[in-house]
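Taken from TrEMBL as is:
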DOMAIN    70-152  domain 'Ig-like'
DOMAIN    159-249  domain 'Fibronectin type-III'
REGION    233-256  region 'Disordered'
DOMAIN    254-348  domain 'Fibronectin type-III'
DOMAIN    352-440  domain 'Fibronectin type-III'
DOMAIN    445-544  domain 'Fibronectin type-III'
DOMAIN    549-648  domain 'Fibronectin type-III'
DOMAIN    649-753  domain 'Fibronectin type-III'
DOMAIN    754-860  domain 'Fibronectin type-III'
REGION    887-922  region 'Disordered'
DOMAIN    1024-1108  domain 'Fibronectin type-III'
TRANSMEM  1286-1310  transmembrane segment
Amino acid sequence: MVLTPDCNLASVHRTRARLGSEATPIRGALQIENTEETDQGKYECVASNVEGVRFSSPANLYVRVRRVPPRFSIFPTNHEIMPGGSVNITCVAVGSPMPYVKWMLNSEDLTPEDEMPVGRNVLALDGINESANYTCVAMSSLGIIEAVAQITVKSLPKPPGTPMVTETTATSITITWDSGNPEPVLHYIIQYRGKTADSKFETMDGITTTRYSIGGLSPNTDYEIRVSAFNTIGQGPPSEPVEARTGEQAPASPPRSVQARVISANTMVVRWDEPEEPNGQIKGYRVYYTMDDSQPLSQWQIHNVQDSVLTTIPSLVSGETYSIRVLAFTSVGDGPPSDPIQVKMVLGVPAQPEKFQVGAVSDTSIELTWEPPGNQNLNYELRYREGAKGSEVTKKFGPSSSYVVEGLKPNTEYLFSLAGISKSGIGAFTNEISHKTSQAKPSAPPQDVKCSSSSSTSLLVSWLPPSAESRNGELTGYVVRHRVLGAEEGPGAEVKEPLAPPAAQQLLLQGLEKWTQYTVSVAAATSEGLGPYSEPLGCRTDEDVPGGPPRRVELETLNSTAIKVTWRSLQAGRQHGQIRGYQVHYVRMENGESRGLPLIKDVMLADAQEMIIGGLQPNTSYSVTVAAYTTKGDGARSKAKIVVTKGAVPGPPSLSVWQETASTAVVRWQAPMPHAVPGVPGGEAQVQVQGYRLQFGRKDVSPLATLEFAAHETAYTVSNVHRGATYLFRLSAKSRAGFGEEAAQELSVPEEVPRGYPHLADGANLTCCSLQLSWLPPVLAERNGAITEYTLAYQEAGAVGGSAGSGSPAPRELSLPASQSSYTLGGLRPDAIYEVKIRAHTSVGPGPYSPTVRYRTAALGTGMPSPVYVLRLGAVLGSGSDLALTRPGSTNPRRGPELGRVGGWREVRNRPPTGSGGVGGWGELLSPPPSSSCIPLAKIRPMKNKTCRERKPITCTLSPLGHTPLLTRQVKTPKAESSVSQVPQSPGMPKPSHTMLTAMDPPLERQPKLNLTSLVYLSCLAHVPRNFTVKFVTKTTVLLTWKFSESRVPYRCMIEYNRQKMDVDARQMKTLVGGLQPNSSYEFRMTCQDSGEGGQAHRVTTRTAPPISMRKPELDTREQESTLTIIIPPLEAKDIIKNVYVVVVPMKKMKSPQYPPMTSIWMRCIYVSPPVVLRCSISLHPNTKLLKEAGVQTRHSRQLHIADHRKPYIAASFRPSSLPPTFTLGNELMFRGYENRMLQPGQEYRVFLLAELNTTSGRVFVTSPFTDPVTVPEVNSQPVESGGDGLIWVVGPVLAVVFIICIVIAILLYKKAVLWCWCGAVSRCAALEPRALCCSAPLHTDPRL
């Protein structure tokens, strides 16, 4: 206890030293531990200083003590034992304080005083020969109690006197005897047995008298009888035995093996064996015989026999059949007669078969056995029928001693008789014997099975028994089985109820799942097993109240008067019925206690998962619970959650929007007016506005862009307004409590004709006579309204060399509905070129046509024609000459019209190289081949009937546009020789960089002579850049992308922004612009070099991300194998964030990386997260991307895992509302389409968060800093014991050979220009395949740059 006055303490009781200064460690308090009864008393506090001493009022201390006198919880018990026996006596006493327990014998203490136990004492006694009383004593300060245990020593009883037989009958013997014991006994035991060698004593126990009649004995049998006594110690020795014999009785069984044989036409001999139970001395036999066995036995003729088992019966009627029966008799009376046998009084016919009986029995067969009469070799006739009234069936068979009757019905009684057949005729049939076939499983299920729901956890199943003919035995019961509908197969899926009684016709299935569909079937059973089950019957248990509360109840404060309640439905196994709706209970809270009655809002929708509760008081706490309900009632409520409403928020501002110019709109607003605030007395209240939030965008595009403004800003100009679109503007004012009500306005911009054109897809389906093409509508900003229709124009192109429009008919135009995005042109000519273009219409009119695209139909009887490109050269004498250029493998070079989108070849007036011997020029290929790459192999052949007058060489050179020729080939006629050499540099041509050797066809030595000498520069002119757009935006960077055909030819472009310029290569198809200001607008212009069609410029505008800060995620320091846990910080400005990505960046290579094969891999590098982070994806096919940009779901394949461990990847994506506080990397789960891949042991990783904002201008991101580097721990493997140094001499040479083979393979692959790219800290590209694209960029350490 503790007393705490503000003074020093002193006790009135000065006798206890433990209350001194050492007992008061706390100033102003007295603490007494382990209080005792003696601590009770009066205490005073004494305060003293130099001026004097003062006493406080006394405080009384009362110590409450529990006092219980001793009592026995287990009393000692009395025992009776034999002399010299042992016994343990237990005594247990309780009380408070606990008593001591000891044992005493008379006045002698058996327990030493210093060894007395507390509460329990066990007294062990051994070798007891005298009876005595032992006393258990329990004592404490509250009293002494005693209990006595009596130990009695007794011996076994003495044997009784010899029994005397007082009476005998044929089945009983009565005896009497003397007790022979002075002390009373509990009872007597009689033992008796027949006087045979193998007989055993039978016992009759519990006899309490000295006279007893033993019954159930066999007649005419000698018995030995003895008696013993029994007391509390046990059974004593038996008395001397007495012998007695039971009296005679009539025979209990008939004579055995009765046989008869005809010895003459009117005489027969009958013989038999003695009865099995004669019950006395057999005095003789009586033989009964008759020709009519239907008469009673008393009317049969009798033939008596004395002391013999054989007799002859004369004077019988020849040819008749007699029935014979024999009985034995004693002095007491006649025994039972034997079964009748038949004898036919004809010489030579066989007698009855002997020992005719049933053998093995099954459910469909019965075996019959017999012994042939007189061991004769006879044929037999068997007669049997089903029951007494069944039709008789006859079977005849040859000599045998057994026969199996098959095809019988289960559990059916059959009657059988058998007769022998000899040459003289058929003998007498045996007496009929009957037997039932065995039972079998029921062959049909129970009938009329029904099922009904009696409660939410039980089903009542009823049925009728199977039909009588299909039961196949006596029914032992029914089995009802049930299982949940749709449950997987396996142990425990099916439940069988215990066997129902055979008389039962219904069963209540209990303990089932609530509101669950079951299938029920019933089977009947016999002793042989179960029959077939009935057809499964569907049945559902009844509904009940939901078995739990809704899950994941969350509360969100919307404003000062409203909250949002969200939840998830119950798990399917706990719904217990059809959810009809949800009830949300809420009550106002003050100081942790509810105020007023709870209010209830009902949502009568089964799939509802949220509710908004309005009309609440500002800055007030509310307790909210959610419960689901069915037709049976409400379920359990969820755990109460507390939410606090925001303070008062402003009302809606005054908003106005109008269109200022063709592409801009002005938004202007004023502060909200004072408005009534719920819960604030006085009606109206003016809330201080701290800023505004504007959300705007096209009504048909979501989400809306969000901007925030300071309190003094009242207008904003929206640029890039699309024609023909309806814009939605929402504005809300912000106070300290949050954003208030929104004011909304719509602005509809008038339509115009489309400013852009539809984009024809690159691929098309071509046949000889049709063209199937598809297109995309104009980009949203260039549609200028809703597309009402498309106009598709096409025409056949002119001949090669002719003007594109000279003499050609006008294109044919087709009007197509706006909903259509593909069309098939039919009726085209085979092997012809068609020019196709398309335009879009709005309600105002049509827009511009798209650039013309050329398609060539297939030739008849072939697929797509071989690519043919026509080269036009200048000759020495100034006349035109033609050569045909074909792809390798082509066998049909043909001269035809010019190919490509802008015309085939053109001449460039320039001086040929020195020494070329002519004044021609070189040609340029303006359209790329179908593979969008230069042709590495080419064939140049003279066309038609050109003749060569001079022996001048032809020099063919392959070169990128504007570069030095890479390959020079000279062919001389008529005796051609081929060589590879450098081409002399022409004026104005760049200096050669390197020579690429390319295998060519054999020399053209069989071609006619040519009057040509020219230098040909073959080059690929790539498409101009298109689809210039903004891909990603962060606070300080912008990723610009465009589309461009892959090419080896550099294509220089310039990007201008904010008075700055930067040069780019169009082949890169992207560039990263950094060093920008947050939350600022930028305009980017892209201008490319002259491609022969005039320079093309592109313009895009964007706005960098607002300066939203994201905190650095932290790492959980607990070490885990193959996983890492990061702690995700809370988000700021959650309402303007769309998605949050977890990005994992490997920082170095692991041990022994598993590199992919170098023969089939190419690499493409794309940006995935913050634009400064470069991700490299590997594929086995140029058109397959492994991983797409952020927000696009990953495509899984086996190829994807080749380089997973060496590149950054997105591990998970979350909505801001569902962002978890922690996230574990490496658990191999899917998070919104992204795989959280397993981390590689020994690999170092860094992680950052990437947030995507809600904007209308491209994809805008903000990033967090990187986490600290962390290395995944390696799994320790068990060391392998070496077998000795000798192993090196075996393994070493093998490893050396393998290493040399690998080097040779690598050299061969390198010579074949196999592509291989590696992304590292400083990436390089080492491939020259035409379609390969390999990009690299350094990996920054901070993604926020």
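Glycine residues also receive a Cβ, built from the backbone N, Cα and C atoms like all the rest.
Automated prediction, rather than curation, is the source of TrEMBL annotations.
Long-range Cβ contacts of the region 'Disordered' (233-256) within its own chain (Cβ-Cβ under 8 Å, at least 6 residues beyond either end) map to 80-82, 154-165, 168-173, 175, 177, 180-181, 185, 189, 191, 195, 217-227, 272-282, 285, 309, 326-339. Residues in the region 'Disordered' (233-256) partition by DSSP class (helix H, G, I; strand E, B; coil) as 0 helix, 9 strand, 15 coil. For the domain 'Fibronectin type-III' (445-544), the model's average pLDDT works out to 88. Each residue of the domain 'Fibronectin type-III' (549-648) gets a DSSP state, and the totals for helix, strand and coil are 3 helix, 54 strand, 43 coil. Break the domain 'Fibronectin type-III' (352-440) down by DSSP state and the numbers are 3 helix, 48 strand, 38 coil.
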